[in-house]
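Q: My questions all concern the structure below.
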């Protein structure tokens, strides 16, 4: 974390999550686990395993829910590439919260895709609908209780917030949070703040208790948004949003997972033979020889195949613990471990892709694409 900053647009690799908690004032998620049950919610395996490791004010959201007040969750996706397992990690959290009574809002960051990534408008719309929205529906997000929207189509009150926010923060303050910024990134940051806060307006449902689940690298946007909510007092009353933070799933090459490096991730639309080849070439924590691994054991902490099990393929805690222990004790070799993961991945992809074409048809009916 150079100069104690996180870059939400860059290839951030975070090694020390405890330091991140200390540096940026994020609270450990473990402290809200008892409150989940009071709110009638069983912790998900992502929560139990510490993959969701931190929060800001999520305890207040749970207390509001326990009082019977309306709660919502909002996230956004920039349509700049194919939908991969890193994206699925966020959607799994949306599905969990939706099943527990949260209204879901999903922003399609088409303005940011154009300004920051230079994605053509028509291409951004196609990617948004056929890759992101369709995959979310196929994963199990209920479209009847989800509001999808394009940033550039959202309406006057939303854009009014962006304009007013621009008068509540200086360029120097934004650079202290983000580092050097282009005009496009400044605009994208203010727009993301509007995404997070606008659902509190009556025109968009008046949801005062909102949580935003993000990867740890996205925290700068939350810090800016919380400051802006405070500074809008006297203009429009906005509550600080809550947030939860998940660890970034390593790519198959050990670096940050990215659509721009196709071999670093498995896309949810990959044909079986492509997905299998990627998985079997993935970085592992194995030793140089089978004999050495049996003697010394493997290192699952740096194994991208184990991370696929941990984050996605093995919701049963006992099963994933067995894989971890067997690797550590040298009782299982990498080839066998990959085969176990592949059998689960193959089944998941087959079932998911069988739902995808129908989901695409539904997805096009859910949103109004921007005219230009």
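Including glycine, each Cβ sits where the backbone N, Cα and C put it.
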Q: Swiss-Prot tags one of 256-260, 271-275, 276-280 as motif ''KMSKS' region' - which one?
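A: Matching range for motif ''KMSKS' region': 256-260.
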Q: Would you please say which range out of 225-246, 247-268, 291-312, 313-334 has the annotation region 'Disordered' in Swiss-Prot?
A: 247-268
Q: Mean pLDDT across the motif ''HIGH' region' (79-87), rounded to an integer, is what?
A: 95
